[in-house]
Amino acid sequence: MKLLGLLSGLVVVATALPQADFDLQSSLLTDPTKVAGTTFDYIIAGGGLTGLTVAARLTENPNITVLVIERGFYESNIGPIIENLNHYGDIFGTSVDQAFETIPLAIHNRTEIVRSGKGLGGSTLVNGGSWTRPHKAQVDSWESVFGMEGWNWDSLLPYMKKIEAARAPNAEQIAAGHYYDPSCHGTDGIVHVGPRDTGESFSPMIKSLMKNANNSGIPVQKDLGCGVPHGISMILNDVHEDQTRSDAAREWLLPNYQRSNLKILTGQMVGKVLFDTTTTTPKAVGVNFGTHAKVNFDVHARHEVLLASGSAVSPQILEHSGVGLKAVLDNVGVEQLVDLPVGLNLQDQTTTTVRSNINSIGAGQGQAAYFATFNETFGDQAPRAHQLLNTKLEEWAKDVVSRGGFHNETALLVQYENYRDWLVNEDVSFAEIFIDTAGKLNLDLWDLIPFTRGYVHILDSDPYLRRFAYDPQFFLNELDVLGQAAASKLAREISNTGEMTQYFNGEAIPGNNLAYNATLDDWVDHVKQNFRANYHGVGTCSMMSKELGGVVDAAARVYGVESLRVIDGSIPPTQLSSHVMTVFYGMAQKVSEAILADYNATVN
């Protein structure tokens with residue numbers, strides 16, 4: 001009966017959406033000459049999560065005109081490959097995946113692929129849909145450490161709740177391992193959030209993992225959206241009750257595309273920002289967009305240009321516009337307009353996998369996350385890890401600057417001391433083990449708090465070639481690789497310990513490739529050759545004080561120019577113990593208010 005009800009809901013959606021989708025498709029602009037030479041109040045470069053959220057918010061005022069320029073197209077209705085979260089990964093390698101390639105990495109001399117959505121909705125089209133929030137101390141540090149007034153947990157939480165249309169789990173889902181604290185969630189928002197449920201029975205393995213953890217004093221079955229993500233619990237997803245993905249285009253564009261003051265241009269990319277340099281401070285007055293060095297156009301902004309192209313692309317747009325480090329710009333022949341550390345401070349995480357075959361008694365659906373503290377991750381090796389934290393920060397900062405991941409050792413040391421405080425004094429979670437029980441016990445895991453820093457920089461003066469170097473410098477910090485190894489070792493241990501032994505039917509990954517009694521150092525050797533990017537890169541246009549290496553201020557305004565902001569995932573100055581969608585949505589709402597405040601001050 002449960003499965004039948006779910007299927008009937010899916011049929012309703014399948015018959016209800018096509019006309020709206022068709023109307024939206026027909027309303028989108030594909031001819032660049034329709035906007036070339038015209039003027040809008042705001043131009044948004046990128047139609048992803050933050051771009052569409054801010055566009056929807058600004059155009060609530062019918063007097064504000066907005067143009068969104070997106071390289072991709074409307075893809076929300078492409079079918080299960082996007083709409084069904086259980087098809088996660090199937091879309092990779094298609095036209096909806098930007099699939100950025102790193103340079104050959106120093107750790108193993110191979111390139112890695114960084115997945116990122118291309119299309120209206122951005123990475124909300126291709127991600128796993130997980131819905132958690134970071135630790136309070138992490139967001140608080142944006143204000144207390146990095147000088148961003150108004151950026152703390154208490155100020156950001158209302159914005160994160162505002163966008164939610166959250167559903168509490170039902171009794172069966174709670175019995176399987178869900179927990180929901182209504183005080184931490186909003187119910188009147190736009191983004192649908194709730195339990196993922198295929199209609200199948202739930203695996204007993206989640207509760208067995210919880211029982212083992214509880215016996216060790218680790219919290220279980222908690223709401224991971226309340227500011228202290230720690231322990232094991234099933235998690236919410238951005239998904240409708242009928243299990244359709246709640247992506248940004250479906251929620252922020254589909255209801256609003258008919259607004260006469262909102263225009264969406266697809267199939268085009270923003271190459272650079274246009275500046276009026278006749279004033280004392282350069283002022284953004286539009287963008288150059290197109291597809292080719294010989295086929296590009298200008299469009300003008302009456303008030304502001306807003307960059308929302310993501311942590312890999314927004315810094316490239318700035319550099320092509322003359323905003324960045326002189327050495328980088330000189331290398332490609334771009335005249336420097338403003339000196340800022342654009343493209344530095346890149347922080348992404350690394351993922352490895354531990355996978356076990358299971359007996360039939362473990363069968364069933366289920367996804368959960370284990371957010372493990374520093375000491376839980378390292379176990380009896382914690383003293384070794386603490387020794388690194390207590391003795392190596394200055395050396396690490398020097399190494400990062402020498403490799404081009406940051407520009408100032410003293411400023412980077414502030415970041416490192418902040419991270420040490422999180423891990424030692426605040427018990428901020430250091431690793432996440434993501435648990436999936438569908439047909440197996442699959443544990444994907446990552447070190448949440450990397451100390452390494454990388455960069456993204458342009459390699460050509462032509463923005464439409466999109467030639468750039470993306471180097472996250474994975475595992476060039478000894479604590480990063482040790483932490484990844486420790487989390488992997490922990491994942492293997494929890495797969496076949498206590499109550500979990502009854503389900504265990506042999507290990508598939510790493511299996512025979514790594515001895516079962518492998519030491520932590522053996523795991524270090526293993527993870528160096530067996531990892532991928534986690535696709536959570538942040539920091540390349542960091543929001544922090546200029547003295548600490550910031551590119552934008554607390555209102556997301558680019559330092560040293562007027563009428564230009566960066567509003568996407570490149571601005572968080574730190575990594576977070578969370579899946580990042582919730583924070584990006586909250587940021588978009590908060591920055592929208594700053595934009596509107598400046599607009600109202602101008603027109604009034």
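Quick reminder: no glycine exception, Cβ is built from N, Cα and C everywhere.
From a predicted model like this one, the values you see are computed outputs, not experimental measurements.
Long-range Cβ contacts of His536 (active site, proton acceptor) within its own chain (separation 6+, distance under 8 Å): Asp348, Gln349, Gln575, His579, Val580. For His536, the entry in Swiss-Prot reads active site, proton acceptor.
Listed in sequence order, the residues of the same chain lying 6 or more apart from Gly569 (FAD binding site) and placing their CB within less than 8 Å of its CB are Leu49, Thr50, Gly310, Ser311, Gly537, Val538, Val580, Phe584. Positions annotated as FAD binding site by Swiss-Prot: Leu49, Thr50, Glu70, Ser123, Asn127, Gly128, Ser130, Val270, Gly569, Met581.
Annotated O2 binding site per Swiss-Prot: Arg557, Val558, in sequence order. Secondary structure at Val558 (O2 binding site), taken from DSSP and collapsed to helix, strand or coil, is strand.
Summarising the annotation, Swiss-Prot assigns disulfide bond to Cys184-Cys226. Other Cβ atoms within 10 Å of the Cβ of Cys184 (disulfide bond) number 17 in total over all chains.
Neighbour count (other Cβ atoms within 10 Å of the Cβ, all protein chains): 9 for Asn63 (N-linked glycosylation site). Per Swiss-Prot, the feature N-linked glycosylation site maps to Asn63 (among others); the stated evidence is sequence analysis.
According to Swiss-Prot, the N-linked glycosylation site annotation covers Asn109 (among others), on the basis of sequence analysis. Under a cutoff of 8 A between CB atoms, and with a sequence separation of 6+ in the same chain, Asn109 (N-linked glycosylation site) has no neighbours. In three-state terms derived from DSSP, Asn109 (N-linked glycosylation site) belongs to neither a helical nor a strand segment and is classed as coil.
Taken from Swiss-Prot, the feature N-linked glycosylation site applies to Asn214 (among others). Counting every protein chain shown, the Cβ of Asn214 (N-linked glycosylation site) has 14 other Cβ atoms within 10 Å.
The feature N-linked glycosylation site is assigned by Swiss-Prot to Asn375 (among others). Counted within 10 Å of its Cβ, the other Cβ atoms near Asn375 (N-linked glycosylation site) come to 16, all protein chains included.
Under 8 Å, Cβ to Cβ, and six or more positions away along its own chain, Asn408 (N-linked glycosylation site) finds Pro341, Val401, Gly549. Residues annotated as N-linked glycosylation site in Swiss-Prot: Asn408 (among others).
The feature N-linked glycosylation site is assigned by Swiss-Prot to Asn517 (among others), with sequence analysis given as support. Under the DSSP three-state reduction, Asn517 (N-linked glycosylation site) is assigned to coil, being neither helix nor strand.
Taken from Swiss-Prot, the feature N-linked glycosylation site applies to Asn600 (among others), supported by sequence analysis. Just so you know, the Cβ of Asn600 (N-linked glycosylation site) picks up 10 other Cβ atoms within 10 Å once every protein chain is counted.
The signal peptide annotation in Swiss-Prot covers 1-16.
The two recorded residues, Asn375 (N-linked glycosylation site) and Glu70 (FAD binding site), have Cα atoms 44 Å apart. Asn517 (N-linked glycosylation site) has a Cβ environment of 6 other Cβ atoms inside 10 Å. In the three-state DSSP reading, Asn375 (N-linked glycosylation site) counts as helix. Classification of Leu49 (FAD binding site) by DSSP places it within a helix. Considering only the recorded positions Asn63, Cys184, Asn600, the residue whose Cα is spatially closest to the Cα of Asn517 (N-linked glycosylation site) is Cys184.
Note on Asn127 (FAD binding site): other Cβ atoms within 10 Å of its Cβ, all shown chains, come to 23.
Its Cβ taken as reference, Cys226 (disulfide bond) is surrounded by 16 other Cβ atoms within 10 Å in the chains shown. For Glu70 (FAD binding site), the Cβ neighbour count at a 10 Å cut-off comes to 29, with all displayed protein chains included. In the three-state DSSP reading, Cys184 (disulfide bond) counts as helix.
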